[in-house]
């Protein structure tokens, strides 16, 4: 890892700035959920926070397409960070006032706008990867990025919850604003060193509206049938993670684990196993995926999805923990491998739109599953288990069929 950092110093600096932005984006999420639950309209407020957390993903398709046409990518990335700094200063001020539903709505709107800018910046800087990193090192660098992304997501949520117990809410937002100020300064310092690389980036000429070009990107994706199939499989596996957590909470409640004050401990263990599994998978991505195709890997993943559902039927926490940990390792190792294939399959001038579209598709299915399976569970928890089993088993069958059809 240290050797890669030494070999690609400019790439390391660019990715570090992106990771700092991701940390800033995650820091307030847990805090806002907690605040929402304290309002009289608690359920509506929680749904609103989650909705605004998902909305940026819907618009990111168009942002990725727009990023392909921008020549001053570093300059715009710097402006985006400065705008995020201003947004979080405003959020800090609003959090210093008494909380109302309308005020919370404006806060989550500002946070959603900041998230959009973060996604836009990621789209702008993605094409640099192809010029800054040699092909032989790409999967390893993607593995390191995936590893640190998982760490940043975990640290962001945990740190936000921790600071919530010790600091004023406005202080947390101001600290977040300070983080984006550092990112802005970072872009100001690294941009002059990357100007030469930026000038060599291929530029996609704008011929149609952003909407039409977004459709063109989807068409470009679907032409690579093998990659499209593997993308769909990865998206479904990601959806399993989105649906399993709320179902797991309902499972624990139904089996009276909450009466023994063990619910927080079990949930913490579940989250820890998932996170560390993803980290281990990302760290050993090359070793794990060197001789195995993505479709074969996905068959293993869906098999463990089925075994996880079996753990619910058998009321076996150890089986659930073992299978979810193994599934996390498999998923964590798949992501860098798929990302490296994606980057080298498509030309640099379209990478901003392609990668953003793919990431959005992978991320969108998780909240959809997170709403669907708990909704079924409201009717009957066993129905939700059946639905999750059909989801997992159906995915297994589809992957087997895709291996027969796609060569």
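Keep in mind that glycine also has a Cβ here, set from the backbone N, Cα and C atoms.
Keep in mind the model is a prediction, meaning the values are calculated, not measured.
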Of 16-38, 85-107, the range TrEMBL labels transmembrane segment: 85-107
Cβ-Cβ under 8 Å with the transmembrane segment (172-190): same-chain residues at least 6 beyond its ends: 10, 13-14, 16-17, 20-21, 23-24, 27-28, 31, 74, 77-78, 81-82, 84-89, 91-92, 95, 160, 163-164
Best-contacting stretch, by C-beta pairs under 8 Å, relative to the transmembrane segment (383-401) and drawn from 85-107, 113-133, 231-253, 265-284, 320-339: 231-253
